[in-house]
Amino acid sequence: MSTPHIGVLALQGAVAEHARALQAAGAQVSTVRRPAELEGLDGLIVPGGESTTMARLAAPVHLMEAIRERHAEGMSMFGTCAGMILMADQILDAEALTGFERIGGLDVVVRRNGYGSQLDSFTGALTVSGLPGTDLTPLQAVFIRAPIIESVGSEVEVIASWQDRPVAVRQGRVLAASFHPELTPDHRLHEHFVQIAGARLSS
Ligand SMILES: NC(=O)CC[C@H](N)C(=O)O
């Protein structure tokens, strides 16, 4: 099988950390700031950071629409934290995003900063289903002003929960997490995404 080529949206946010985790997971990695840089990608990570800032920076070059089109043509997507907000079909507390294109495509309702104010940052140990390999140790998940997933559609599989709420989900070629998997040395979720994105190369 050839090496999956994965991009990291590099407008703002945790870009370098994702790139390192993807390299460790065996992918060929490049950064994406313009639509042309989506060409030939098997997958794209939209990192955590600030969803409103990313949406504003993407607008002049219509990057969100271009990502949506490439996804429709087969590119996998992995949205973490702010990245998940940009992929969610519905956002509560979305005033700051009004008028800006987002990617969409993930049938979930999210609440921005839902884990915010009192608990700005915390770590939870998660059991994640469907990860590659035989390592069953819990994944340490770092939540930073994280969005709450309020509900998921019928095509969405919940692969990890924390305190009875979904925090990682998969819908076909879309993976999403409320937390920051790039900030811990455990790269199993990145490996999982590389496998999802690479599946069409081996089929
Ligand atoms: N760590 C994060 O990505 C935080 C997300 C941020 N609260 C937003 O709304 O975009």
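From the backbone N, Cα and C atoms, a Cβ is placed for every residue, glycine too.
Taken from TrEMBL, the feature active site, nucleophile covers Cys81. Annotation comment: TrEMBL describes His180, Glu182 as active site, charge relay system. Per TrEMBL, L-glutamine binding site is recorded for Gly49, Glu50, Ser51, Arg112, Ile144, Arg145.
Annotation note: Glu182 (active site, charge relay system) sits in a helical segment as assigned by DSSP. One way to see the shell of the L-glutamine site is to take the Cβ centroid of Gly49, Glu50, Ser51, Arg112, Ile144, Arg145; the remaining same-chain residues with a Cβ within 8 Å of it are Gly48, Cys81, Ala82, Ile85, Asn113, Ala146, Pro147.
Cα spacing between Glu50 (L-glutamine binding site) and Glu182 (active site, charge relay system): 16 Å, rounded to the nearest whole number. Residues listed for L-glutamine, Gly49, Glu50, Ser51, Arg112, Ile144, Arg145, cover a largest CA to CA span of 13 Å. Considering other CB atoms within 10 Å as the measure, the emptiest surroundings among the recorded positions Arg112, Arg145, His180 are those of Arg145. In the three-state DSSP scheme, Ser51 (L-glutamine binding site) is classed as helix.
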